[in-house]
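*Asks:* This is the structure I have questions about; it appears just below.
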Amino acid sequence: MELTSFHRSSLLFLISLTLIILPTTTTSIGVNYGQIGDNLPSPTDVIPLIKSIGATKVKLYDANPQILKAFSNTGIEFIIGLGNEYLSKMKDPSKALTWIKQNVTPFLPATNITCITIGNEILALNDSSLTTNLLPAMQGVHSALITAGLSDQISVTTAHSLSILKSSFPPSAGEFQPDLLDSLTPILEFHRKTDSPFLINAYPFFAYKGNPKEVPLDFVLFQPNQGIVDPATGFHYDNMLFAQIDAVYSALAAAGFKSLRVEISETGWPSKGDDDEVGATPENAKRYNGNLIKMMMSGKKTKTPLKPNNDLSIYVFALFNENLKPGPTSERNYGLFKPDGTQAYSLGFALNDVVRGASGGGTGGGNSSSGGGRDKSPVFPVSPVAPDSASTGYLAISASPVTGKRKGKGAILSLVVSMLLARHLL
């Protein structure tokens, strides 16, 4: 009996110790890995860069086989994508199954693929054909995953622009555009039925760019500020991104889908822009992305006021500066890294030894606004990898619209929201 009692006591002690040691948060940071460049490093060389910023998740805009193979047995979680041009084909479950067998199954289970996005910001494009095909394509891919026995492992979703909101201030008054509800509601029902995440691309940068005199810079950069209070809930917000996220949650609740979980599929800040792209500087990019990553990784602030029990899932845009992306200068300068593996700017914290040692930054150079005297030698020899046919879909679904209409539409909404936010600063 004494031995049994001893074992019981020891077991209770170990359980208690485990509860103390194990982290209580499941929050992690992800990064968007775009490939629109002719000077990008090989996927194998990319792995240490992703790990150096603490990212455990990667979002692709395609299903590039070279990348998926290179990341096998790394444990890094992947979202892969089907471009807008695939929507009409994916309506057919048999064609979707063929795509799954060619682009997903060969890499499992070594590569941790957990989600497939169907198109990007479709409802903001005002394209009736794409809008009509979106849900059937999502259903077709989900049906194919069921047939392949992968539906429990891999979810299906699509990413939306923040412009699908009619109102977003105060956050409690978040509401979807009425003219989108006929298309959006069945998609939300699909999410509820399949337990897949609702993805939003959110860029506070455009709010500041649109009206830098009215929008408090500290509020959008996660810097210390007085913040705002939602008069309906009493919740305090000290950054715009969290206010935007809760506005989306409020819109979902108003539409009858309170239980859906929101993930931020894109957010970021460019380090360079054209003359009219106010705020696109290395210092602001450092503060936005650096503060966001530090905040998420520290676990100190990983939930929004409206959803205190929901850990955030956020994907930073983007991993590299991509020299072949169309659009304004900023579109080619969202990267955390240059193609040679050096930092595009300091993030304000030390990276791991792989990058820190190669760049010569140490911990001392990590706090300079633009890298200071940091050694600019490449982390690894650049072996240009031009985008192949598997990557061309990214041109159609990247954060950079060729026409500029999509982000312009989102920027107008963000501007209205930000002006209201500025007027309510305490």
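From the backbone N, Cα and C atoms, a Cβ is placed for every residue, glycine too.
Residues annotated as active site, proton donor in Swiss-Prot, with similarity to another entry given as evidence: Glu121. The active site, nucleophile annotation in Swiss-Prot covers Glu266. For 360-372, the entry in Swiss-Prot reads compositional bias 'Gly residues'. Among the features that Swiss-Prot reports, N-linked glycosylation site is placed at Asn112, Asn126, Asn367. Residues or ranges marked as region 'Disordered' by Swiss-Prot: 360-389. The feature signal peptide is assigned by Swiss-Prot to 1-30, with sequence analysis given as support.
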*Asks:* Across all protein chains in the structure, which of the glycosylation sites Asn112, Asn126 has the highest Cβ count within 10 Å?
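*Replies:* The largest 10 Å Cβ neighbour count belongs to Asn112.
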*Asks:* Round to the nearest Å and give the CA-to-CA distance linking Asn112 (N-linked glycosylation site) with the residue listed as 'active site, nucleophile'.
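*Replies:* Taking the Cα atoms only, Asn112 (N-linked glycosylation site) lies 20 Å from the residue listed as 'active site, nucleophile'.
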*Asks:* Compute the C-alpha separation of Glu266 (active site, nucleophile) from the residue listed as 'active site, proton donor', stating it in Å without decimals.
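*Replies:* On Cα coordinates alone, these residues lie 11 Å apart.
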*Asks:* If we count other C-beta atoms within 10 Å, could you say which of the active-site residues Glu121, Glu266 has the fewest?
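*Replies:* Among the active-site residues Glu121, Glu266, the sparsest Cβ neighbourhood within 10 Å belongs to Glu266.
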*Asks:* Specify the secondary structure state of Glu121 (active site, proton donor) as given by DSSP, simplified to three classes.
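*Replies:* It is coil.
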